[in-house]
């Protein structure tokens, strides 16, 4: 018989709740050694009271049993309802966690954009301050050469970013590793361009006819930009990609941000290293256009080097800002083609003695690039 029936019939005082707390005294484990002949618990119960309780318990109706059954039914129903509640709680938890993760991702992306914007603004501000300093020390002519070279290099660097986006998409580089690839690519670009500028300066000082060769390169690049159709996102037939894949044994998957990993006991390169190699070779190919273009504006190696350096330093942060919206700058590439064609014609005219001032060159470069950007933004707003 359950304890509830005993309480109901008055043997024990009724409790205010379903939980009964009994205080059991603690007896020493060596009670027999102390001379006690009976169990300590038997000493607590009055024999007459125990027999009376047994007689009354034998005549009680099975009320407590029915109450126990009701309790079991209620517990069973609660157990049956519990999975549904758990499912609802799990669904709510999943939805709330997805919302939280989405909000966290948006917050992190916003913070990344803010940091990149500040970095780009700092690089541009530093370049402007440097150009003003050159103007104060060397005159307006040198400052115009620097700004013309800087704007030209910056626009060509933005054009390079179109190819970087295609390379990252082709090799499926995770977003968290793209900055590492760009860092190595920019470091290699600085070293290569510095070497190329020194060699180009020495060559132009000895061989004036090299100007015609550089002008031909710029005119050919301008023609290619005008004649090229929509960017092909499939780089499987690209010469640089095929060359790197031929000479660099690469695994089929990434291994974190590592450039090398062991595959079947053999040390192989990961696709991340292959991506860096393609980025480096692509920048070398672009430098063949950009370096002659700056030499078409100025022959001062210091101006050529510093304008390149300032244009490249903020390239990684600039990529973060405009990588998602590059498709919207559809008129930027034709405007760059106009600039390259103009610089090529200018170099040919300079070779034959017809000089175009640096200020005029700066105006043509700035006007062409700004027109391309404004046309792209206008076309975007009209489509939306």
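Here, residue 1 is simply the first one shown, and the rest follow in order.
Cβ atoms are placed via backbone N, Cα and C, with glycine included.
The compositional bias 'Basic and acidic residues' annotation in Swiss-Prot covers 76-88.
Sequence-remote contacts of a segment are chain residues at least 6 beyond its ends whose Cβ falls under 8 Å from one of its Cβ atoms, and for the topological domain 'Lumenal, thylakoid' (137-145) they are 131, 297-298, 300, 303, 358-359, 362. Annotation source Swiss-Prot lists topological domain 'Lumenal, thylakoid' at 137-145 (among others).
Same-chain residues lying 6 or more positions outside the topological domain 'Lumenal, thylakoid' (202-206) and placing a CB less than 8 Å from one of its CB atoms are 295, 299. Taken from Swiss-Prot, the feature topological domain 'Lumenal, thylakoid' applies to 202-206 (among others), supported by a curator's inference.
Within its own chain, the topological domain 'Lumenal, thylakoid' (297-301) is flanked in space by residues 142, 145-146, 148-149, 152, 197-198, 201, 204, 343, 358, 361-362, which lie at least six positions past its ends and keep a Cβ under 8 Å from the stretch. The annotation topological domain 'Lumenal, thylakoid' is assigned in Swiss-Prot to 297-301 (among others) on the grounds of a curator's inference.
The feature transit peptide is assigned by Swiss-Prot to 1-48, with sequence analysis given as support.
Annotation source Swiss-Prot lists transmembrane segment at 116-136 (among others). Panel annotation: around the transmembrane segment (116-136), residues 142-143, 146-147, 150, 303, 306, 310-311, 313-314, 317-318, 320-321 of the same chain, lying at least six beyond its termini, place a Cβ under 8 Å from a Cβ of the stretch.
Look at Swiss-Prot and you will find 146-166 (among others) tagged as transmembrane segment. Within the chain, the transmembrane segment (146-166) has long-range Cβ neighbours (under 8 A, six or more residues past its boundaries) at 127, 130-131, 134, 182, 185, 231, 233, 235, 279, 282-283, 286, 289-290, 293-294, 297-298, 303-304, 306-308, 310-312, 315, 318-319, 322-323, 326, 329, 332-333, 335-336, 339, 343, 358, 361-362, 365-366, 369.
Residues or ranges marked as transmembrane segment by Swiss-Prot on the basis of sequence analysis: 181-201 (among others).
According to Swiss-Prot, the feature transmembrane segment maps to 207-227 (among others), an assignment based on sequence analysis.
The transmembrane segment annotation in Swiss-Prot covers 276-296 (among others) and rests on sequence analysis.
According to Swiss-Prot, the feature transmembrane segment maps to 302-322 (among others).
For 336-356 (among others), the entry in Swiss-Prot reads transmembrane segment, with the evidence type sequence analysis. Long-range neighbours of the transmembrane segment (336-356) within the same chain, counting only residues 6 or more positions beyond its ends whose Cβ lies under 8 Å from a Cβ of the stretch, are 152, 155-156, 159, 208-209, 211-212, 214-219, 221-223, 225-226, 289, 292-293, 295-297, 364-365, 368-369, 372.
With a threshold of 8 Å between CB atoms, the same-chain residues lying at least 6 positions outside the transmembrane segment (358-378) that come near it are 141, 144-145, 147-148, 151-152, 155, 296-298, 328-336, 338-339, 342-343, 346. According to Swiss-Prot, the transmembrane segment annotation covers 358-378 (among others), on the basis of sequence analysis.
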